[in-house]
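Read through the structure below, which is laid out as C-alpha cells, and then see the notes.
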Amino acid sequence: MRLLLLLFSSLLLSSSSAAPSPTTGPGILEILIESGVSTDVGFVVNCNEKSQVTRRHLKPNTPELLIFDEFNQTHFFLDINVTIHDNVTSHSIIFYPNQGLYDIDDLPLPYTGLQIRYKCVENRYGNKCEQHCSEYRDNWRCNQFGHHSCAEGYCGWNCHKFGSECHRFGECKCQNGGKCYPHPFLLPEHLDMCECPPGYHGGYCEEFKYFDRKLKFSTNFGLNTTVKNKFSNRTDIYQLFEKYEKEQRTSGNKGFLAFFKHFDIAAKLWILICMVAMVGYCIYKFCGGSENEKQKIPETSGDKKKTSEEEKKCILIEMNDM
C-alpha cells in the first residue's frame, strides 16, 4: 500500500513539474456604449504601458461599438485600465482581462448602457487566449477550447464519416443556436453533445448564464450621479455585440469604397481626355496631312517645269557658242 502511495505521489509531482506555466495570447477589447443625450466622449485604454486613445460623438439612445485591438499580454496578471471622459467628468474601470463579458450595474450620467467584452483574435482560444488552433481540413474545426474536433455533420475517430453515417445516441436537440457534435473521446461515432453559443449552458443549451464578472466605475472628477445599466442581464447581449460589429464592418467598407470613388471619377475623366486627344490627333493627321500632300504635289510639278525650262536655256546657249 505504501509503495502504491509513493508511486502515486511521484506521478503527481512529475505531472505538476511538467505542467506549463500560465500563458497568454493576443485579444481584442470591445466597448458597447449608449448615452441618453447627444455628447462627445473620449476613451483612453491603457495596457502594458501602451495607450489607445479615441473620441466618439454619441447620438441619443443609439448604441456605439468601439473596438480596441490588439492586446498582446506579456504576463498572466496584466490589467487593463479604461477611462471614459467628457468636458466635465471622468470615470475609470480597472480589470484583469479574461475572455467573455463584463457587466456594470450602475453607470454615471449621461450614459445609460455600457457593456465590455474581451475576446480572442482569430485562431486563438482559451480564457486568456493562450491556446492556438487553426482549421486545416474541411471536416475539422477548432472547438470552443481550441482543440481540433469534427466539423458540423462529421463524426468518427478521424472525422471521416458524414451525414447518415453518423449515429444519434438518444436526443440531441440543441436550443438557442447550439449545435450537435460528437464527443471527441467517449463516442466519436455518435452526434450526442450540444456545443452552446456564448452565454448559454446546459445539456441542450437551455439556460442562460448571467454575468458573474461585475465591474464598478470610479470617479476621477465631476459628479457621481448614476443610473441603472439598461444592458445588464440581457440574454441577447452577445447578439447585440455581433450586430453592431457587423454594422461597423459594413460602414467601414462603404467608407473605403466612397474614398476610392473620387479616384474612380478622376480616372474616368482622364480616360475621356485621352480619347478626345487621340481623336483630335487622328483628325489632324489624316485630314490635315492630306491637304498638305495636295499642296506639295503642285509645287513639285512646278519645280519640274522650272527645271526643264532651265535645261532648254542651257542647251540653246551651248548651241550658240558652237
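Glycine residues also receive a Cβ, built from the backbone N, Cα and C atoms like all the rest.
Quick look at what TrEMBL lists:
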DISULFID  CYS120-CYS129  disulfide bond
DISULFID  CYS150-CYS159  disulfide bond
DISULFID  CYS196-CYS205  disulfide bond
DOMAIN    118-159  domain 'DSL'
DOMAIN    168-206  domain 'EGF-like'
SIGNAL    1-18  signal peptide
TRANSMEM  269-287  transmembrane segment
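Put simply, CYS196 is the one of the disulfide-bonded residues CYS150, CYS159, CYS196, CYS205 whose Cα lies nearest to the Cα of CYS129 (disulfide bond).
For CYS196 (disulfide bond), the nearest of the disulfide-bonded residues CYS120, CYS150, CYS159 in terms of C-alpha separation is CYS150. Secondary structure of the domain 'DSL' (118-159), assigned with DSSP and counted as helix (H, G, I), strand (E, B) and coil, comes to 0 helix, 15 strand, 27 coil. Other C-beta atoms found within 10 angstroms of the C-beta of CYS159 (disulfide bond) number 22, with every protein chain shown included. Ranking the disulfide-bonded residues CYS120, CYS150, CYS159 by Cα distance from CYS205 (disulfide bond) puts CYS150 first. Taking the Cα atom of each, CYS159 (disulfide bond) and CYS120 (disulfide bond) are about 26 angstrom apart.
For the domain 'DSL' (118-159), the model's pLDDT averages out at 85. Using a 10 Å radius centred on the Cβ of CYS205 (disulfide bond) and all shown protein chains, the other Cβ atoms total 20.
The two recorded residues CYS150 (disulfide bond) and CYS120 (disulfide bond) have their Cα atoms spaced 21 Å from each other. CYS150 (disulfide bond) is surrounded by 25 other CB atoms, counting those within 10 A of its CB over all protein chains shown.
With a 10 A radius on its CB, CYS196 (disulfide bond) counts 22 other CB atoms from all the protein chains. CYS129 (disulfide bond) has a Cβ environment of 27 other Cβ atoms inside 10 Å.
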